[in-house]
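Student: Have a look at this one.
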Amino acid sequence: MNPEYDYLFKLLLIGDSGVGKSCLLLRFADDTYTESYISTIGVDFKIRTFELEGKTVKLQIWDTAGQERFRTITSSYYRGAHGIIIVYDVTDQDSFNNVKQWLQEIDRYAVEGVNRLLVGNKSDMVDKKVVEYSVAKEFADSLNIPFLETSAKDSTNVEQAFLTMSRQIKERMGNNTFASSNAKSSVKVGQGTNVSQSSSNCC
């Protein structure tokens, strides 16, 4: 048994490029924010450990590239994931419309019963918002998926999003501590790299 944690969960952040996945990860893992973040090529991950309902949970959070042409790279990373957060940009209708495609990717590559969470990011950009909360909530409810609007810029609901996902995975796993020890999710540190490609608004 590992004395450092009771649970080790692998989470994925997926969604179109530019919706703010990397910024959500930076805000949750490091409590930092930058207006212009280098777009992720391939996969990168961060780790954060915290207490949840009297247990120590270690999250390994993978930030997958959103561009269509990199989906073949990230498909292998769906395997072994305990939870997947689908992110769209509340100021970008197309990114919300594409959520259905990302859900199909989950059905195709992830394990059956994997926990899912829908997140509408950049909620601080009220004047530019085009995807209404009620529309996204109705969509999420129809699929029985939890839904939150977040802002990596002002921290709104970022912590709540990851805690919600962690709590759901913990409930699904029951009292099986070290739940992920049997999952085929081992990956080598350093496989994911960041390459300077383009800057994107990170909200």
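Note: Cβ is positioned from N, Cα and C throughout, glycine not excepted.
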Student: Quick one: which of THR40, THR91, THR164 has phosphothreonine in Swiss-Prot?
Tutor: THR164
Student: Which range, 37-45, 109-117, does Swiss-Prot list as motif 'Effector region'?
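Tutor: So the range that Swiss-Prot calls motif 'Effector region' is 37-45.
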Student: Using CB atoms and a 10 A radius, I'd like the single residue among the binding-site residues VAL19, CYS23 with the highest neighbour count.
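Tutor: Compared across VAL19, CYS23, the most Cβ atoms within 10 Å surround VAL19.
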Student: Over all shown protein chains, what is the count of other CB atoms within 10 A of the CB belonging to LYS153 (GTP binding site)?
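Tutor: If we count other Cβ atoms within 10 Å of LYS153 (GTP binding site), we arrive at 21.
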